[in-house]
Amino acid sequence: MSHYPASGTWQACPKCGRHVHQRQWGTYQQCPYCHYWQRLTTAQRLEQLVDEGSFQPLTMTERPVNQLGFPDYTNKLRRAQRQTGLNEAVVCGTALIEQQPCILAVMDSHFMMGTLNTAVTRRLLHASEQARAQRLPLIIVTASGGARMQEGVYALVGMNLILAELARLAATPLPLITVLTDPTMGGVSASFAFKGDLIIAEAGAKIGFAGARVIQQTLPVKLPADFQTADQLFKNGMVDAVVERPQLRSTLGQALANYGIGRSAHG
């Protein structure tokens with residue numbers, strides 16, 4: 001008789017290929033055989049990071065628009081919205097993490113690979129503006145393939161707009177914490193992902209600009225086994241810490257407590 005649960009679904013682990021029952025992935029979505037971390041949805045990430053019932057979404061009316069008339073983009077947006085239950089690739093709100101208040105922005109790679117576009121840009125701008133207005137720390141959890149090609153230069157301009165707003169945030173005592181999760185690539189890694197006062201990489205995350213396959217097709221080089229990994233970035237001083245997923249919440253809570261900004265501003 002099989003020792004696996006009788007009901008539920010199975011999935012092949014993207015890394016080791018073993019078949020894993022949905023219950024075996026556990027709360028933190030980790031393969032029990034090779035310890036590969038599944039990519040989380042926004043809902044899963046919020047459940048793991050914030051104090052229960054504390055997340056309050058910011059009011060945001062920005063919606064994606066097919067400004068360039070890109071073929072089939074509108075249909076792809078509708079499909080992504082239907083499959084994820086989101087209307088864009090980032091969710092922003094106020095939250096408590098270990099009883100420490102903050103503004104939290106969480107990107108979702110399940111929505112068109114979490115790509116940066118006009119609507120995502122405006123939401124991140126609003127999150128930073130609210131951090132300044134409410135005198136709260138800002139945490140951005142990145143999960144993105146980069147800029148959204150269907151919005152062309154509009155998506156690229158978003159990189160600079162976000163950097164300009166984060167410069168205004170940096171002129172205040174308010175901290176910016178970036179949490180780099182799998183994947184953090186392209187225009188997101190090239191712009192705001194590494195602008196944090198504290199930069200945390202989730203263990204196992206792939207972080208870089210161009211993907212390894214693109215680089216190897218362009219340059220006749222053999223890339224190291226740990227290329228574009230969280231551990232490699234830590235070894236080279238690009239991130240402040242590599243944290244396992246189960247420890248992320250307590251790590252962020254301790255960091256917020258050390259800064260002491262949100263609690264002092266809100267009693």
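The backbone N, Cα and C atoms fix where each Cβ goes, and this holds for glycine too.
Note on Swiss-Prot: of 13-34, 35-56, the range annotated with the feature zinc finger is 13-34. Sequence-distant neighbours of Cys31 (Zn(2+) binding site) (same chain, 6+ apart, CB under 8 A from its CB) are Cys13, Lys15, Cys16, Arg18, Val20, Trp25, Trp37, Gln38.
Secondary structure at Cys13 (Zn(2+) binding site), taken from DSSP and collapsed to helix, strand or coil, is coil.
Restricting the average to the domain 'CoA carboxyltransferase N-terminal' (9-267) gives a pLDDT of 94. In the three-state DSSP assignment, the secondary structure recorded for Cys31 (Zn(2+) binding site) is coil. For Cys34 (Zn(2+) binding site), the same-chain residues that are 6 or more apart in sequence and have a Cβ closer than 8 Å to its Cβ are Cys13, Lys15, Cys16, Arg18.
A count of other CB atoms within 10 A of each Cβ picks out Cys13 as the most crowded of the binding-site residues Cys13, Cys16.
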